[in-house]
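Participant: Below you'll find the structure I mean.
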Amino acid sequence: MQKGSIHEEFALKQTAPKIVGSGVMIGGDKVTVAYDLVEQMEYLYVRVVKAKELTKDVTGSCDPYVEVKVGNYKGITKHFEKKINPEWNYVFAFSQDRLQASYIEVCVKDKDVVLDDMIGRVVFDLVDVPRRVPPDSSLAPQWYRLEDKRGEKLKKGEIMLAVWRGTQADEAFCDAWHSDAAAVGSEGISRIRGKVYLSPRLWYIRVNVIECQDLLPSEKNRQPECCVKVMCGNQVLKTKISPIKSCNPMWNEDLVFVVAEPFEEPLVITVEDKVGSNFEFLGKCVLPLSIVPRRVDNKPVPSKWHNLEKHTVVEGEKKETKFASKIHMRLSLDGGYHVLDESIHYSSDFKPTSKLLWKSSIGLLELGIISATGLSAMKSKDGRGTTDAYCVAKYGPKWVRTRTIIDSLSPQWNEQYTWEVHDPCTVITVGVFDNGYLQGGKCTSIGKVRIRLSTLETEKVYTHSYPLIVLHPSGVKKMGEVQLAVRFLCTSYVNMLSKYTQPLFPKMHYAHPMSISQQDFLRFQTIQILSTRLGRAEPPLKKEVVDYMLDAGSHIWSVRRAKANFFRLIYVVSPLLAIGKWFDQICHWKNPLTTILIHILFVILVLYPALIVPTFFLYLFLIGIWHYRLKPIHPPHMDIHISHAHGVFPDDLDEEFDTFPTSRGSDKVRMRYDRLRSIGGRIQTVIGDLATQGERFHSLLSWRDPRASALFVTFCLFAAIVMYVTPFQVVALLNGIYVLRHPRFRHKLPPLSTSFFKRLPARADCML
């Protein structure tokens, strides 16, 4: 019962929101049909454009600002000092679900030190406010004469306004001040707005260091040991020490970096000479990335010689020395690669950098971020727990961020976004965060969801409530649920099916592949670049958000992940183990009828071997058809059992959340090291056993054991003679009958072949 309740708590739940796309709502206006994956939210919009001829005090000037009041909600614009014709162009959006008023009051006030004075006002009845339905053009603002408190028109003073009813589909919605964020000051409004971000275009720059010429080391009689250091921003790589120890060293070594458009940092190449444990500067070359040629295939670009500059200090002044040292390099911006920013296993994009290699899209992905329920309190406010929640979704280079719902554990966003899809075997990631920048802190992750597009049926709307699961140092915890609506629209079914037969990555990944360590280094640098660039937007998408969405720390060692991957491997090979167990039961006649049928099938396949391959594929076809009735109807989600998070030990969690390098005490580190040695010892034993079996196969014909090799060679000669004179079908039939013989003709001792194989020598006895 306890396991069942835990499984239900972390399970995916199907929902039925009131959206047109799911068929729950029928009909609707243009807005509802266009925004068909989210629930329609009604808003009252007030656009304050400008005012003119405002006067209040004896000087004839004022410090005006506008206050818009609807019931208990009040929105304020910024104020201008000593300006009688101010311009604001500011939009207020009031949620109609919370309005308890029959009129709108727009007041123009004069900011004062003690008490702000009212210059004038305009009042609108809510029943007279018109409704605007996109794609109609925006409502034209009009001039309104200001009134005093008694309702009499002022001689001077007018304000330009536009008031209308609309929904979240209105283009003014994103940049508007929202009534549910009334507690946020004007300085913090920009940090809670929803925005769309685009990742900068990322390139791999390849630096092929070929050779140097006429280097001048400080010691003329010593042969220099030279290497080349290349720096691009915060990325630094070095070549190996040249095997040619002379003033004309050679390397022919590739160094690869990640750069982002627009290019900001130059490429700095430095030649150094290793003198003892230090490196002596021999010259450098600074190249802007704008002059580096671009390529889209594996054809080499022309190499060039570059001058190496060297400066010496004479009496406190830099003096350039003239010499003929040069470096020979081949530089290229490789646009044929896809720059990895996510893990290969759940990447959202595989397109190459160069747009010349892009192919047409195969469909559209539509995501409706509806709401969240039961969120955990991430901060304290007025003695109670609260959360300022927002969502971030990433697919390809496009990031979207919803607006922040202030002070709510059950926020409702109802925002819909669209992406172009170029590959169905991609994953969209949706994360929920608590906005901590309003209090000057960091954003805290609440949980995330990954949805693989290939698991979705086309044209179908999936509405589910996904559990937000986070692993804390205290254990796994459900932080709430997020309700999403997803639809995958396919524009060309033939093109989508053809994607399954094409390589996953662009051609350059196979024509000029990179090593695993090189890919990990470049992915880490890519995440750093994206964090920096997206953190400079407004509102910023900060480093902790980008790192969490891209799984920046997924490569760090974790006992929990190691166990989870081990059990995943066991699950994969379990069908093979089940087949072996079933075959053993057949051989031991556990079910005589089944064994007899297997005998008959075996005889038929031996007599008619042409039926073996067709029968195998027919069997797979029948299994696939049989499993179709068990086809999953829900998309996959984060599973605590697959992640092995439900039974993890506290010390394993403490190790997983430890910094790198470690910040724990020496006793704890020593204990973890001993445990890792124990785990490594078991792995070492298994690898040694596998190596022993392979070495025994090698020793069959190596004559290391002359008697065993003589027996095996004699057996091979006898088997060859028998196979030449005996039809293959007869040999196969006799072997099959022998393997499937009745238990009465079996004994518990191992067969001769097994005993012979285990007696063969291996090289384990030669190890220290």
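Each residue's number is its place along the chain shown, starting with 1.
For all residues, glycine too, the Cβ spot is worked out from N, Cα and C.
No curator has checked TrEMBL annotations; they are predicted automatically.
Feature table excerpt (TrEMBL):
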{"type": "DOMAIN", "residues": "25-144", "note": "domain 'C2'"}
{"type": "DOMAIN", "residues": "186-306", "note": "domain 'C2'"}
{"type": "DOMAIN", "residues": "340-466", "note": "domain 'C2'"}
{"type": "TRANSMEM", "residues": "595-628", "note": "transmembrane segment"}
{"type": "TRANSMEM", "residues": "710-740", "note": "transmembrane segment"}
Participant: Apart from its near flanks, which chain residues at least 6 from the ends of the transmembrane segment (710-740) lie with a Cβ under 8 angstroms of it?
Facilitator: 586-587, 595, 598-599, 602-603, 606-607, 609, 700-701, 756
Participant: Cβ under 8 Å, sequence separation of at least 6 from the ends of the transmembrane segment (595-628): give me the contacting residues as numbers and ranges.
Facilitator: 586-587, 589, 729, 732-733, 736-737, 740
Participant: Determine how many residues of the domain 'C2' (186-306) DSSP places in helix, in strand and in coil.
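Facilitator: Output for the domain 'C2' (186-306) reads 6 helix, 62 strand, 53 coil.
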Participant: If you run through the domain 'C2' (25-144) with DSSP, how many residues end up as helix, strand and coil?
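Facilitator: Once the DSSP states are binned, the domain 'C2' (25-144) shows 11 helix, 52 strand, 57 coil.
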Participant: Quick one: average pLDDT across the domain 'C2' (340-466), no decimals.
Facilitator: 91
Participant: Going by DSSP, how much of the domain 'C2' (340-466) is helix, how much is strand and how much is coil, in residues?
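Facilitator: Tallying H, G and I as helix, E and B as strand, the rest coil: 12 helix, 63 strand, 52 coil.
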